[in-house]
Each structure stands twice: as structure tokens, then as C-alpha cells.
Amino acid sequence: MKFSYSFVQVVTLLLSLSPSVEGFTRSRNDACKPNHPFRPLPPSQPRTKTCHVVSNGHGKDDSKNIMKALHKCNNGGKVVFDANKVYTVGTALDMTFLKHIDLEVLGKIQFTNDTDYWQANSFKHGFQNATTFFQLGGEDVNVYGGGTLDGNGQVWYDLYAEDALILRPILFGVIGLKGGTIGPLKLRYSPQWYQLVANSSDVIFDGIDISGYSSSKNEAKNTDGWDTYRSDNIVIQNSVINNGDDCVSFKPNSTNILVQNLHCNGSHGISVGSLGQYKGEVDIVQNVLVYNISMYNASDGARIKVWPGVSSAMSEDLQGGGGLGSVKNVTYNQMYIENVDWAIEVTQCYGQKNLTLCNEYPSNLTISDIHFKNFRGTTSGKRDPNVGTIVCSSPNVCSDIYAENIDVKSPKGTDNFVCTNVDKSLLDVNCA
């Protein structure tokens, strides 16, 4: 049984992200291996015409040229961003009208660093102050080619250090897409999350290479690899992620999600949530399979994070608590960890440091039918002697949480778990 990438596997995966369309298939189901989507993905129709986007060069805005090519080749065509060319985007692009179209990105698309413009004009999505440079949506849309999208993030990292309330755009916004393939692509220096998948279904992300760190003392914060939100039947696979926040995060109303074959470094793990942030709103995450993950230098491996039933503040720009909903039928299977603080973390006290208050006002979200299987590796030692924590705010809101074949130890050889308000007989771990 394989738990992690070998060196050869990592090299092969990196090579698959080179500027080519090799591996792209219009039969999306054939691309999903070894596990298949929860529901068959619709095939993509052939394309019969090609449009090349003209680059103005010299940092001039190419947005009009991009939109012209998209309209011209919509409904059955392919739009090409040519190799060895840089396309500058200084205008928010609404591309939710797309239908039966491919975008082949061979060159580089770079977004301007005009922070005043983007704060005023980026697309606002409501949840957690999310904004995007563009909205890509419609029906049967494929984006591939191995080229680069560059968010010019450094100016945003420095600005956020001065003002935590600024609106930082997400690099890649998939909004309202019904049927699509994204990748291979390289994503670099996103101001905030790298990808938001909202109100979308039947989309596969395959061969995404994510990387981008700050060159100043100000960290690149909140740089999640993917955030799924109000989306169904999404596949994320065969990708390399070097970032500073969640490798993948399943935000509210994410259902039927498959994540497999990822190499995550420097992240906060693969996370359910956070959920329950908005009082009175119902958040559901259901039917999720996370399979064959390598997790390095992270705060968490597998993580479920839920806000308590009382108002809390994680940071100046992230506050909430009191929401409703459920987490159900989530499986993490085959995860290798190295230098990770918590191999497994389940918390219903996200954003609240006062544990007494958290227990007095337990979470309104239920967590049930959760499976952690076949973990191995070594933690960072930060939580010694503990390697994992499975803590519910009340025994009434957690049920059927299982852990089996967990072979994880701290650098000192300990393997303790914190287990609170859960059925310990279902946990094949050392509940200290």
C-alpha cells in the first residue's frame, strides 16, 4: 500500500505540469484516477476554430484583446495565449458567458499591481470578503496549456500587513461553471486564495502547480490552494502546492468532492471548513474523499474546523460563530506527513481561545461519519507529546468518528491523541 509520493512520482508529476496539453482529455471521467468522481462528469465537445489573443506588450492592458477573442471563439472554439508572450490584465474580466470553449494558456498572464483599482472593481462574492480578479463560468469550459497566471502578490502582502481589512483578489475565480477541466497550469503569487470554486459543478482540476512566497518580512497570508463553496461534484488531483494556508479547504455547501494525489508543502492541511461562521446560516459539507496525500511542513494534515456557538474573532478580518449545519461522510485515506504539527485535528472551537466559553456554548454543527485511515509519518514535535487532537465541544454533536491504522509519532516517539467528547472505542489511537 502506498502512502506517499516517491521521488520518481514527484518528478513525474512536475513534468506533467510543463507547457503542453498532454494528458488533457475531453472524456473527463477517464482522467480521474485511481478514484472516480461521485457522479460521472459530462464529456467536452470538440472545438472547430482557433483564436489567438494579441499581446500589446510593454505592460499595456490586454483585457480588451482577451474579451474580443473569447467572444469570437465562444461556442465551439479555442482561444490561445501564445508561448513566450506576457499578457497584462488591468481590468476585471467577467467571463461567465463562456460555452463550449477552450483556453490554451501557453504564455504568461499577469495581473497589474494597481491595488486601488482592484479593491474597487474586483468581483465581490460575500463569503469571507472573497474577491476575484475575474469570473470564469458558463458551460463546458477547459483551461490548460501549462502556462502561468501571476497575481503580482508582493504588493498585496505588504499592504495587508498595514491594513488587515483590504480586499485582496483571488487569482483564479471559477464562478458558476457547469462542466470543465482546469489544468495543467502554473499559478504564482496570488494576493489571497489561489482558487475559488463557487456555485459550480462537474469540474476537474488536474495538474495545477501552485507556488509563491513573500520576498519581504510580510508573509503571504491566506493563500489557500483551493476553496470550494456552494459547489458539487468537484475533482482536484495530481497537483503540487507550495503555499502558506490550507492546501484545500471545503467551505460551506461543498458536496461530492474528490481530492487525490496531492503534494502539499507549508500549508494548514486539507480542511473541512471553517464552517458555522455566520449566525443562523446552514453550512453543509457532505460526501468528501481525500486520498493519497503527501503533507510536509504544515500546521495540520487532516483538519475539520468549526466555529463555536458563540461569537468569536480569529483575526481582525475573520470573525463569526453561531452558524448551523453538518459535516457528514468525510474520509481521509492514505496520508503521509512530515514535520506537521497535528496529523489530525478536529475542533469545534475555531476562533475562540476561551475553551470554557466554547464549552458553555457548543457548536451548532454536527459532525458524523468521519473516517481517518492509513496515516503515517512524523510530526514536528510542536505539540509533544501529542500528535493529534479530536475534540468536540459536546458529545451531542459528534458521532461515528473513526480512526484506524494511524502510524504517526512525534520526533520523541510519542503518539498521544487528545480525545474529548467522542466515542474513544471507535478511535484506534492512543487517547492520552
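For all residues, glycine too, the Cβ spot is worked out from N, Cα and C.
The record in Swiss-Prot lists a disulphide bond between Cys392 and one of Cys398, Cys419, namely Cys398. Note on proximity: of the recorded positions Asn113, Asn253, Cys264, Asn265, Cys398, the one nearest Asn129 (N-linked glycosylation site) is Asn253, by Cα distance.
On the backbone, the CA of Cys392 (disulfide bond) and the CA of Asn297 (N-linked glycosylation site) stand 26 Å apart. With respect to Cβ neighbours within 10 Å, the disulfide-bonded residues Cys247, Cys264, Cys392 differ, and Cys392 shows the lowest count. Tertiary neighbourhood of the repeat 'PbH1 3' (285-306): same-chain residues 2-5, 34-35, 38, 246-248, 250, 252-276, 326-348, 350, 363, 365, 367, 370, 372, 375, 377, selected by CB-CB distance under 8 Å and a gap of 6+ residues from either end.
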